[in-house]
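Visitor: Below is one structure. I have some questions about it.
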Amino acid sequence: MIERMFHIMTFGCQMNANDSDWLRRSLFSRGFTEAEKPEDASVFILNTCSVREKPEQKVYSLLGRIQNMTQGREDVLVAVGGCVAQQVGRGFFNRFRQVRLVFGTDGLASAPQALDRLTEETQLRMSLLDFSDEYPEKEQDWTDGEVPAAGFVNIMQGCDNFCAYCIVPYTRGRQKSRSTAAILEECRAMAARGTRDITLLGQNVNSFGQDAHGDGTSFAELLHSVADTEGLLRLRFVTSHPKDIADEVIEAFGSRTNICPRLHLPMQSGSDEVLRRMGRKYDMARYRSIVDKLRAARPDLQLTTDIIVGFPGETEDDFQQTLAAAREIGFAQSFSFNYSDRPGTKAEMLADKVSKEVMQDRLQRYQDWQSEYTEQVLQSMVGKTVDVLFEGMSRRQTGQMVPETPDSPKGTAGTADAGDMREAAGQQAPAGGETWQGRDVYGQLVHVRLPEGMNMQGKCMSVRICEAKKHSLTGEGVGDPW
Ligand code: 5AD
Ligand code: SF4
């Protein structure tokens, strides 16, 4: 029997983060506990990502580190899940004796039962790698604990787009929409527990319902139904593919006040030629017309984006078009990446690969522009009064270590977290006061000093912004919480 104390390491996108949160809750409900320090754990779970870089190497080196850390211990069980597990599969069993479970994205739903069994049957190994036909509905067991102010709800799995550079359709499989009834029930239950900000998650949320598993509900219809959830203050969704965003969704930004005025709309490149070779199925004229319609519907809208530099064949002129489009549109934040060859994708086979040096130089120029622009956006908030939804105390005071972001992809501009945390750590609690952190409607992190003993978790307050830092804002509360 292996002790049921686990440690989870998560890499990659918000989907993975959400999957890990679900796994954590499900394990709690089965009597597992989470180790305070990794070395105390007996069950290690790696939730992996393969969208860029050399993710396999990263996973192997982590597995090596776990092996070293637990040397001489027989009571250790390692599980590898997520996109790398889907690709490498049972190959992990040959290289690492401690790995006794591999699970893919559709296998996650059964991972808790598998872990349960593996802690008892210590000679057993299991793999959960099959793609299921239907959206793999997961049990929703909540143990009593802190209710997060902001939460995530999965609405679909997989992707059918096969953008030339992307591995996701291979690792997460074809698109499978979740049933509207299950989504609405999860949102209702979350809001009833006290979650006030919900983000709907999917690889391409705008094509929700348009697959063999859809129940006829369009994304715009789903959005309106979720927006009606009692007690729901803020609604967001990621990720939107520009080719699929319907006019009805754009209109919803204008008509539903609880849909937050911020949209992530990956542009990838500002050059029509590169977009064509990427297989994105829109050109810049279409992208710009969507932006115009969105801003007409919601003048206070902020846009964020994903950018790939150095896609095969990208010229300096193509890159200049990306930079010019980003400046013109004025993205509040970008996640920008060097192109990375992924095995089995169409782009891997393309000629004219851009050299590392050229790629890095372009990325740097893009990120320099973005950092400066993001600072301006934050600076423009100073003096304004905004509604902040509080998520917890600033980290320094809760005694938490300031974590390294394990998954901050190299070459990412505007990944707020690493900077946010450093800034949070730098916040000094004044004598007799406490610093709380929350987010405004745009999702910007705001730190506020408040009198000691106010429990602001999950509460809102009007805050006058006094100062903008590189990645966050500081303000003072005005009026009463609600
Ligand atoms: N190389 C670089 N960036 C990539 N992305 C996806 N695949 C690759 C790749 N092969 C980026 C895209 C996508 C984001 C999630 O990751 O910008 O929108
Ligand atoms: Fe990848 Fe394109 Fe699907 Fe996004 S839409 S997950 S980039 S294939």
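Start at 1 and count along the chain as shown; that gives each residue its number.
Just so it is clear, glycine is given a Cβ too, placed from its N, Cα and C backbone atoms.
These came from TrEMBL, pasted as-is:
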BINDING   Cys159, Cys163, Cys166  [4Fe-4S] cluster 2 binding site
COMPBIAS  424-433  compositional bias 'Low complexity'
DOMAIN    4-120  domain 'MTTase N-terminal'
DOMAIN    145-376  domain 'Radical SAM core'
DOMAIN    379-479  domain 'TRAM'
REGION    394-436  region 'Disordered'
Visitor: Take the domain 'TRAM' (379-479) and average the pLDDT across it for me.
Guide: 74
Visitor: When DSSP states are grouped into helix, strand and coil, how many residues of the domain 'MTTase N-terminal' (4-120) land in each?
Guide: 58 helix, 25 strand, 34 coil
Visitor: Counting every protein chain present, what is the number of Cβ atoms, excluding its own, within 10 Å of the Cβ of Cys159 ([4Fe-4S] cluster 2 binding site)?
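Guide: Its Cβ has 22 other Cβ atoms within 10 Å.
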Visitor: Show, in sequence order, which residues other than Cys159, Cys163, Cys166 on the same chain lie with their Cβ within 8 Å of the centre of the Cβ atoms of the [4Fe-4S] cluster 2 site.
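Guide: Surrounding the site, in chain order, are Asn161, Phe162, Tyr165, Ile167, Val168, Pro169, Gln203.
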Visitor: Can you tell me which of Cys159, Cys163, Cys166, our binding-site residues, come within under 6 Å of ligand 1 at the Cβ?
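Guide: Within range of ligand 1: Cys166.
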